[in-house]
Amino acid sequence: PFGSLPTACPSCCLPFPMASIAALLVGCAWLSSSPLSMRRCGRIATATCRIATPVMAKGRGSKASKRKPSGGSGGGGGGFGKKPEPAAAVAAAALEADAEAVLRQARGNLDAAQAAMFQDSVLRLQQAEPELFARMQDSQGPSAAPDVHEKLVELTWDTIAAFMPLGGPPPAEVRRRLRLVASAACGGAAGGAGGGGGAGGTVAVLDVGCGDGAALPYLCEAGADAARYAGLDLSSRMLRAARASHPGVRFEQGSFLTAAAAAPPAQYDAVLFNGALQFFGDQRAALRRAAALLGGRGRLVLAHANGAAFVRDEAARNPQTVLSTMPSLEEAEEIGSELGMRLLTPHQLGVPGAAPGGEADAAALDGFYLLALEKAGPEGGEGSGGDAATGRS
């Protein structure tokens with residue numbers, strides 16, 4: 001939600017080597033190690049500018065809703081394609097003190113404020129963890145070590161979270177999609193409400209990349225139990241917002257690959273990757289780990305509100321942080337087969353406009369990505385209908 005794109009480093013005023021990123025609503029565009037971006041920056045006095053300011057035109061987050069954007073073209077700010085709020089309105093927003101100070105110094109310019117805050121975060125990292133800072137400069141993207149990639153993602157989402165109060169609520173279409181995602185997560189759990197439990201739900205959900213917990217109300221509406229929910233995210237600022245909005249609910253900062261919430265003996269009816277799967281370089285390994293956490297007729301739910309086509313563009317523009325694209329229908333079916341799980345397609349999950357058959361379902365995924373992998377029932381039953389081997393109907 002940061003308006004038009006920044007064109008220069010807020011510290012040294014060197015121009016950024018901009019790519020064609022105006023249509024980007026999700027993800028961050030990390031700048032290449034060009035001669036310009038490698039010059040010494042005045043703010044990072046002992047290092048070059050190889051860790052460049054991300055361009056964040058996200059609508060309150062990448063994950064369909066962390067807050068998730070609704071799609072559309074770029075150039076908008078203030079969340080979900082809205083223009084930035086004027087400086088007077090910005091001052092009244094519920095920003096944390098450091099974000100408010102940076103925004104005031106930037107005279108209400110959200111682009112400059114988010115760029116400055118990110119550079120401040122990099123400076124603090126250099127001072128606090130010089131070894132990690134050095135490795136981050138030397139290696140980003142698919143070749144980076146997991147802790148380097150996770151730190152880049154963390155710094156990016158902390159910056160986004162700092163200015164999230166300037167955004168508006170998700171529009172009706174995003175809310176509709178979140179309800180479909182929540183129904184997919186809760187619909188297959190043994191003992192779950194399966195699409196309308198409301199208060200007193202029973203479904204246990206692990207929300208990977210939960211952001212500010214925006215999916216939780218929709219999950220509870222669909223039959224999730226808030227007491228058996230766990231939200232996991234790398235960003236401490238996102239989680240502060242989540243805890244403020246949902247007191248008493250479990251939120252944990254950490255990597256899905258190492259966090260206690262995502263390790264046995266923890267067990268869930270559903271593990272949700274809502275706008276998060278593209279940040280994993282090895283998606284199959286992540287899904288194997290997730291499947292091991294499922295009990296009963298549990299489900300893995302893979303979702304992105306803006307669709308597979310959007311994520312392909314995101315990955316092309318942001319290879320340092322977005323390591324993968326969403327699995328194709330065939331790839332998801334193959335992963336399900338490896339895990340002994342059946343594939344549930346957009347048509348089976350109630351996505352409007354989706355129709356039975358590979359081509360129709362694949363087309364639906366491009367605009368709104370929603371698939372589920374479901375374990376067999378306790379007696380080896382098929383689950384929610386369709387072919388027992390593939391889930392196709």
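Using the three backbone atoms N, Cα and C, a Cβ is placed for every residue, glycine included.
Residues annotated as compositional bias 'Basic residues' in TrEMBL: 60-69. Look at TrEMBL and you will find 71-81 tagged as compositional bias 'Gly residues'. Under the heading domain 'Methyltransferase type 12', TrEMBL lists 206-300. If you look up TrEMBL, you'll see 58-83 marked as region 'Disordered'.
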Response to the item:
Across the domain 'Methyltransferase type 12' (206-300), DSSP yields 32 helix, 31 strand, 32 coil
Worksheet, complete the sentence: Mean pLDDT across the domain 'Methyltransferase type 12' (206-300) comes out at 95
